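Structure, as structure tokens:
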Amino acid sequence: MTQRTLVILKPDAVRRGLIGEVLGRIERKAGWTIPAMELRTLDQETLEQHYGEHKGKPFYEPLMGFMASGPVVVLVVEGERVIEGVRQLAGPTDPIAAAPGSIRGDFGTIVRENLIHASDSEESAERELKIFFPGRV
Ligand code: IDP
Ligand code: MG
């Protein structure tokens, strides 16, 4: 089942020079492709749309500040079961709980700075792709 998902390499991944490391793991999955990708600094409006579901939670404001703190890489990944697949590559939200071998498990320590965002369902992917690549996917 071919799908598309929205991935963000968060500011910590870019600052730490891990773009290649993380992209390499995605690229090496058989048959997956990257139809769109860009380095950009996210504005408040885009972040509010993207993380609207978390508004009001204690981590929301620090998350917004962190996500706007430097450039990110936004990309579309396409291929067989990419929505579940990139979530598996990323690992669970808390990097200490994430297994070694996953992106968050290998490189993260604190929950907020967990290196990567990946859409969590078909509905989220459709919504998020429209926010970050309107008219392109
Ligand atoms: P996800 O990125 O694994 O889907 P979500 O629950 O959707 O996790 O949370 C979005 C992002 O908010 C997380 O990736 C992480 O950066 C941050 N976050 C989530 N929960 C916490 C928390 O308890 N403390 C600090 N930051 C958090
Ligand atoms: Mg999420």
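Using the three backbone atoms N, Cα and C, a Cβ is placed for every residue, glycine included.
The domain 'Nucleoside diphosphate kinase-like' annotation in TrEMBL covers 2-137.
Here TrEMBL flags Lys10, Phe59, Arg87, Thr93, Arg104, Asn114 as ATP binding site. Proximity of Arg87 (ATP binding site) to non-local residues of its own chain (separation of 6 or more, Cβ distance below 8 Å) is seen for Ala118, Asp120, given in sequence order.
The feature active site, pros-phosphohistidine intermediate is assigned by TrEMBL to His117. Using a 10 Å radius centred on the Cβ of His117 (active site, pros-phosphohistidine intermediate) and all shown protein chains, the other Cβ atoms total 19.
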*asked:* Could you tell me the mean pLDDT the prediction assigns to the domain 'Nucleoside diphosphate kinase-like' (2-137)?
replied: 98
*Can you check which residues sit near Phe59 (ATP binding site), meaning Cβ under 8 Å from its Cβ, same chain, 6 or more apart in sequence, and list them in order?*
Val111, Arg112
*Counting across all protein chains shown, how many other Cβ atoms sit within 10 Å of the Cβ of Lys10 (ATP binding site)?*
24
*For His117 (active site, pros-phosphohistidine intermediate), name the DSSP secondary structure in the helix/strand/coil scheme.*
strand
